[in-house]
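Asker: If you scroll down you'll find the structure; I have some questions about it.
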Amino acid sequence: MLIDGFGRKHDYLRVSVTERCNFRCQYCMPEKPFSWVPKENLLSYEDLFKFIKASIDEGIKKVRITGGEPLLREGLEQFIKMIYDYKNDIDLALTTNGFLLPNAAQKLKDAGLKRINISLDSLNAATAAKIAQKDVLETVLEGIQAAADAGLKIKINCVPIKGINDVDLVEVLDFCKSKGYVVRFIEFMENNHAKDGAKGLNSDEIKAIIATKYPNFKMVPRDNSSPAQYYELEDGFQFGIIEPHKDDFCAACNRIRLTAEGFLIPCLYFEDAMSIKDAVRSNNIDEAVAILKKVLAGKPEKNKWSNKKDDNEISTRAFYQTGG
Ligand SMILES: Nc1nc2c(ncn2[C@@H]2O[C@H](COP(=O)(O)OP(=O)(O)OP(=O)(O)O)[C@@H](O)[C@H]2O)c(=O)[nH]1
Ligand SMILES: C[S@@+](CC[C@H](N)C(=O)[O-])C[C@H]1O[C@@H](n2cnc3c(N)ncnc32)[C@H](O)[C@@H]1O
Ligand code: SF4
Ligand code: SF4
């Protein structure tokens, strides 16, 4: 079992397979030029898999593949199949912007993927294009449909940004309600890779917008394994809000992150990380597991957004590197 220094059991591994992306979302990587980490610095699927296998043996029960845009990395289906074939009762999930899903969804499902979380910030094509800095909406909607047709369980992630997609939140919620997808609105986490001046909506602001159409929603008792707080509309449909500016879900944090370059990141907020690259490349899996345990032993208790006295508290972590 993987326990950190605060007694929290860790059973959720998030694995980023690339930092590259075909979008340039304003809240994530608006200015990133095409100067990426060279491919030889990335761990091969075989090396990532060696670590995933060892983590599963240590008690990991949920593996989420993320990025950057994970579908940009060739051979992702085979990688998913390797994990599925090793332990088919793992909660095997993917987070994606959806753009490459029209061709990939069925192959991912066939490889053993169970769930998929897809980013959808607006149903207005111009607004979606403004956020992603590319005309994406139509293809993303096709991708979401392809995932549904393939039988994948779908969650939609939406990051509300002031003055941009705040007017679209009810429409996003209604779309998910009509399709039966879970939807979570994520408070924008300030980080110094995002567009200067980008401002997110906080949970109260998001709720006020939802209340313009659905005034009577109720808070649902918290499931501590999820960073989202759920609310239920009168007809029973639930939507979630992820509030990183609080730290109440840190008390039940169960997740550890591995980057495509082999860094283990104990907390989404902090810069700390340790590399398992040399250990897995030299087949020293015991050493990789020892590093994992060391990283967990030093994991911080909580993020620092909740301590912020003003609007200047920002993380230096890039979401496209950590995988969110
Ligand atoms: N602060 C903080 N935010 C998180 C954490 N985990 C997820 N989030 C936020 O939630 C976003 C969506 O995460 P997803 O990749 O969809 O994964 P998930 O929420 O764990 O998904 P489920 O497995 O479906 O519950 C991330 O990009 C982050 O913005 C966390 O440990 N800390
Ligand atoms: C980094 S992306 C990687 C996967 C994929 N490219 C995607 O967009 O879904 C994972 C998640 O991080 C979220 N995200 C990125 N930057 C964020 C920020 N500054 N604040 C909150 N969430 C953010 C995205 O909305 C997405 O749901
Ligand atoms: S949020 Fe996802 S899709 Fe958008 S730029 Fe970041 S990695 Fe790419
Ligand atoms: S901010 Fe850090 S400690 Fe809190 S839930 Fe996220 S990863 Fe865990």
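Each residue, glycine too, has its Cβ placed from N, Cα and C.
Unlike curated records, TrEMBL annotations are generated automatically.
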Asker: Of Arg14, Arg20, Arg24, which does TrEMBL put in the GTP site with Arg64, Thr95, Lys155, Arg255, Ile256, Arg257?
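Answerer: Looking through Arg14, Arg20, Arg24, the residue TrEMBL assigns to the GTP site is Arg14.
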Asker: Taking the Cα of Lys155 (GTP binding site) as the centre, which of the binding-site residues listed as Gly68, Ser119, Cys267 lie within 10 Å of it?
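Answerer: Near Lys155 (GTP binding site), where near means Cα within 10 Å, the binding-site residues are Ser119.
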Asker: If you average the pLDDT over the domain 'Radical SAM core' (5-228), what number do you get?
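Answerer: It averages 96.
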Asker: Please state whether DSSP places Cys21 ([4Fe-4S] cluster 1 binding site) in a helix, a strand or coil.
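Answerer: Reduced to three states, the DSSP call for Cys21 ([4Fe-4S] cluster 1 binding site) is coil.
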Asker: If you draw a 10 Å sphere on the Cβ of Thr95 (GTP binding site), how many other Cβ atoms land inside?
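Answerer: Within a 10 Å radius of the Cβ of Thr95 (GTP binding site) lie 21 other Cβ atoms.
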Asker: So which binding-site residues out of Cys25, Cys28, Ile256 are up against ligand 1, CB under 6 A?
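Answerer: Cβ under 6 Å from ligand 1: none.
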Asker: Arg64, Cys253, Cys267: which of these binding-site residues put a Cβ within less than 6 Å of any ligand 3 atom?
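Answerer: The binding-site residues passing the 6 Å Cβ test: none.
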Asker: Provide the number of Cβ atoms within 10 Å of the Cβ of Cys267 ([4Fe-4S] cluster 2 binding site), excluding the reference atom itself.
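Answerer: Cys267 ([4Fe-4S] cluster 2 binding site) is surrounded by 25 other Cβ atoms within 10 Å.
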